[in-house]
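J.: Copying in the features that Swiss-Prot gives for the protein in this structure:
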type	residues	note
COMPBIAS	1-11	compositional bias 'Basic and acidic residues'
COMPBIAS	25-42	compositional bias 'Low complexity'
MOD_RES	S11	phosphoserine
MOD_RES	S54	phosphoserine
MOD_RES	S56	phosphoserine
MOD_RES	S60	phosphoserine
TOPO_DOM	1-87	topological domain 'Cytoplasmic'
TOPO_DOM	109-115	topological domain 'Extracellular'
TOPO_DOM	137-149	topological domain 'Cytoplasmic'
TOPO_DOM	171-186	topological domain 'Extracellular'
TOPO_DOM	208-216	topological domain 'Cytoplasmic'
TOPO_DOM	238-254	topological domain 'Extracellular'
TOPO_DOM	276-288	topological domain 'Cytoplasmic'
TRANSMEM	88-108	transmembrane segment
TRANSMEM	116-136	transmembrane segment
TRANSMEM	150-170	transmembrane segment
TRANSMEM	187-207	transmembrane segment
TRANSMEM	217-237	transmembrane segment
TRANSMEM	255-275	transmembrane segment
Amino acid sequence: MERAPGSERRSPPGPGVPRPPPRGHAPSTAAPAPNPAPLSSSMQPDEERQPRISESGQFSDGFEDRGLLESSTRLKPHEAQNYRKKALWVSWLSIIVTLALAVAAFTVSVMRYSASAFGFAFDAILDVLSSAIVLWRYSNAAAVHSAHREYIACVILGVIFLLSSICIVVKAIHDLSTRLLPEVDDFLFSVSILSGILCSVLAVLKFMLGKVLTSRALITDGFNSLVGGVMGFSILLSAEVFKHNAAVWYLDGSIGVLIGLTIFAYGVKLLIDMVPRVRQTRHYEMFE
């Protein structure tokens, strides 16, 4: 049976045969898709550079948030333990030296009515206590990089600074109000020179170790030793000035007030900085 013309069944075009465009429309040529490789490669350096900038700006804060100091990335384990032992030796040396100087300075303060000598004696006691806190800080070998232990030591140092500064300022103001005149002799000179030199040397050692170990407690202990050295030389300065000009009797007490206020300001700054960090790192205790 023959089929009528036009009634043939048309098979759909195969996948390889393109469908002709409708009448009245020009054939559209598809534009080739852009290659995303150059774009991604051009953006990759910027994306890599941005994390590096942010990481460099918040490097130490990131490690402290995890309970570690920045020294954990700077020092190898054996290097950290070596510097920890050096910090312990310097702290023991500081305790012995400053304790002897404190006894001598208290003797000078009582015998010669020197407010600066009293202030130095109090600062020497503070140095003994701060060095003892540093001993506790580095007594545990496993806690050499512990941020929480570091901040606790700094908070204790801040409280001691406040108490000592109050005692120094009160004693100096009392001496100024009663017009106490310091006496000058060879013993006063010997104590002031010896204390100034020894405390300055201890301060340099503590600053160096504190920088390597990134320890705020060691740096604070070094600041305290530096104040002790300045007070030792101030005893010599005020005594020499009073020897040549008795009208400047207030220099000794004024130096005592100035040093006491300096210690007070440092203690307040230390507490403001460290108390929030103790709370932040209390869940990351790295010591037993």
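Heads up, the Cβ atoms here are built off N, Cα and C, so glycines get one too.
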J.: Most CB pairs under 8 Å with the transmembrane segment (88-108): which of 150-170, 187-207, 217-237, 255-275?
T.: 187-207
J.: Between the transmembrane segment (255-275) and the stretches 150-170, 187-207, 217-237, work out which stretch tops the count of Cβ pairs under 8 Å.
T.: 150-170
J.: Let me know the model's mean pLDDT on the topological domain 'Cytoplasmic' (137-149).
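T.: PLDDT averaged over the stretch: 80.
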J.: With DSSP as the yardstick, break the topological domain 'Cytoplasmic' (137-149) down into helix, strand and coil residue counts.
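T.: Result for the topological domain 'Cytoplasmic' (137-149), in helix, strand, coil order: 7 helix, 1 strand, 5 coil.
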J.: Let's see if you can do this one: DSSP helix, strand and coil counts over the topological domain 'Cytoplasmic' (208-216), in that order.
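T.: Secondary-structure breakdown of the topological domain 'Cytoplasmic' (208-216): 6 helix, 0 strand, 3 coil.
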